[in-house]
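What Swiss-Prot records for this protein:
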type: SIGNAL; residues: 1-20; note: signal peptide
type: DOMAIN; residues: 21-144; note: domain 'Thioredoxin 1'
type: ACT_SITE; residues: Cys62; note: active site, nucleophile
type: DISULFID; residues: Cys62-Cys65; note: disulfide bond
type: SITE; residues: Gly63; note: site 'Contributes to redox potential value'
type: SITE; residues: His64; note: site 'Contributes to redox potential value'
type: ACT_SITE; residues: Cys65; note: active site, nucleophile
type: SITE; residues: Arg130; note: site 'Lowers pKa of C-terminal Cys of first active site'
type: CARBOHYD; residues: Asn181; note: N-linked glycosylation site
type: CARBOHYD; residues: Asn278; note: N-linked glycosylation site
type: DOMAIN; residues: 365-485; note: domain 'Thioredoxin 2'
type: ACT_SITE; residues: Cys407; note: active site, nucleophile
type: DISULFID; residues: Cys407-Cys410; note: disulfide bond
type: SITE; residues: Gly408; note: site 'Contributes to redox potential value'
type: SITE; residues: His409; note: site 'Contributes to redox potential value'
type: ACT_SITE; residues: Cys410; note: active site, nucleophile
type: SITE; residues: Arg471; note: site 'Lowers pKa of C-terminal Cys of second active site'
type: REGION; residues: 484-507; note: region 'Disordered'
type: MOTIF; residues: 504-507; note: motif 'Prevents secretion from ER'
Amino acid sequence: MASMVSFCFLLLFLAFFASSFNEIYAEESESKEFVLTLDKSNFFDTVSKHNFIVVEFYAPWCGHCKKLAPEYEKAASILSSHDPPVILAKVDANEEANKELASEFEVRGFPTIKILRNGGKIVQEYKGPRDADGIVDYLKKQSGPPSAEIKSIEDATNLVSEKKIVVVGIFPKFSGEEFENFSALAEKLRSDYEFGHTLDAKLLPRGESSVSGPVVRLFKPFDELFVDFQDFDVNALEKLVEESSVPTVTIFDKDPSNHPFVVKFFNNANAKAMLFLNFTSEVVESFRSIYREVAEKNKGEGISFLIGDTESSQGAFQYFGLRDDQVPLIVIQNNDGTKYLKPNLEPDHIASWVKEYKDCKLSPYRKSEPIPEHNNEPVKVVVADSLDEIVFKSGKNVLLEFYAPWCGHCKQLAPILDEVAVSFENDPDVLIAKLDATANDYPTNTFDVKGYPTLYFKSASGELLQYDGGRTKEDFIEFIEKNREKSSKKESIVKDDQTDSETKAEL
């Protein structure tokens, strides 16, 4: 569930961060199609024949997929002339027959692009651009050697950019256990980082030039600018690279060069502290300075730190249910989705508030829409602040839908649930309800919501079942009748009445 929370959170941030795509022309091309069309029947047979193949999982209704399509086709055309040719393919993951395939490759949204190596034995995420030229450049690098040899200062200058992370191995010779382990690391992490190797540290722009190796040097555009490692265990190297490639404080603003670090921030396993303020305000430098001190003091303590400009952070405000009049503010989110909020923050509050968080002295913050003043529709509206009362403490049999306002399947389901609710309108033991999961927090350890709509049934006695049956009116009614129980509140009232009667009789 933690991965779903992080995944959804990340999407909301990136929706406000990503730069717009180039405008797409709508003319139909009569030229040859270079993108292979795969499905369940030919997927594995095709993939097994290629040492390197790229597969897009798409849905016909997906707007981003439609924007990508001509760029992807153009890239496939160009890469067909590469030596050796780079094959691009696509799978309609909306087709019923291909849904199992999409599930196997952990497709959680569209479009999802995977790089498959060694006949499909190695699967990696595509993490490159989505315009034709960007796709071509990225895949040329990905299809080549995982690490580039640095033979000159020019080679080093071309590889080690001021705005990206690069991992370079320095060796006395390109053989032996250390070099093999470095090569294995480069192969494993090539989708995330660029790698190089050299026999001469003097060619490199930063760091001790007299080192003969073996040493791994990570170059980065923040903090201490480079770090040297000498532990050549692959797992240890990977951990060191991952930890060193996250800034002490990640910057979230409109600068596209910060984008990869924002992604890494949300993908790491730490709790996430996020300070939001107006970057044009007079107090911004005071906040930055103190926040960085706190981040450095808590390094290695399981908390990652980000500072975001309110102008660029509307996705976060939507996700957390925050308001501009609460700025400056700080939020900490655990991987289980629990959140803690300190609005109207002063710089000297930061250190003490983070300490209170670490000492478990803070009360969780819960995002909730207002409880409706009138809730008279057949399907009852549930918000975070009324979830306990309406669902868990009502003593009723409750069918609860978790939905998103933008979800097409949810819109299709809405009139059906209305009909189901009307069918039980005069039944005091049954309630049909809905909760906007994008606007309200809910206990993620109780409800496993991986997509929309997700439905749960809570019986009168409190037993919880996830509904995975059909979606007709008859399907829902049959399920409710099969799993319903007598109202626990009604039984309690009867017992209380009986006790009162017995007491009166004794008197």
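Using the three backbone atoms N, Cα and C, a Cβ is placed for every residue, glycine included.
Annotated features taken from Swiss-Prot, shown on the structure.
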residue: Cys62; record: active site, nucleophile; DSSP class: coil
residue: Arg130; record: site 'Lowers pKa of C-terminal Cys of first active site'; DSSP class: coil
residue: Asn181; record: N-linked glycosylation site; DSSP class: helix
residue: Asn278; record: N-linked glycosylation site; DSSP class: coil
residue: Cys407; record: active site, nucleophile; DSSP class: coil
residue: Arg471; record: site 'Lowers pKa of C-terminal Cys of second active site'; DSSP class: coil
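The recorded positions recorded for this entry are Arg130, Gly408, Cys410, Arg471, and the Cα of Gly408 lies nearest to that of Cys62 (active site, nucleophile). Over the domain 'Thioredoxin 2' (365-485) the predicted model carries a mean pLDDT of 95. Comparing Cβ neighbour counts within 10 Å across the glycosylation sites Asn181, Asn278, the minimum falls on Asn278. Other C-beta atoms found within 10 angstroms of the C-beta of Arg130 (site 'Lowers pKa of C-terminal Cys of first active site') number 19, with every protein chain shown included. Using Cα positions, the member of the recorded positions Arg130, Asn181, Cys407, Cys410, Arg471 nearest to His64 (site 'Contributes to redox potential value') is identified as Arg130. Non-local neighbourhood of Gly408 (site 'Contributes to redox potential value'): Trp61, each in the same chain, at least six residues away, with C-beta under 8 Å from its C-beta. Each residue in the domain 'Thioredoxin 2' (365-485) gets a DSSP state, and the totals come to 36 helix, 27 strand, 58 coil. Put simply, Cys407 (active site, nucleophile) is 24 Å from Arg130 (site 'Lowers pKa of C-terminal Cys of first active site') when counted between their Cα atoms. For His409 (site 'Contributes to redox potential value'), the same-chain residues lying six or more positions away in sequence with a CB closer than 8 A to its CB are Tyr452, Pro453. When Cβ atoms from all protein chains are considered, those within 10 Å of Cys407 (active site, nucleophile) total 16, not counting its own.
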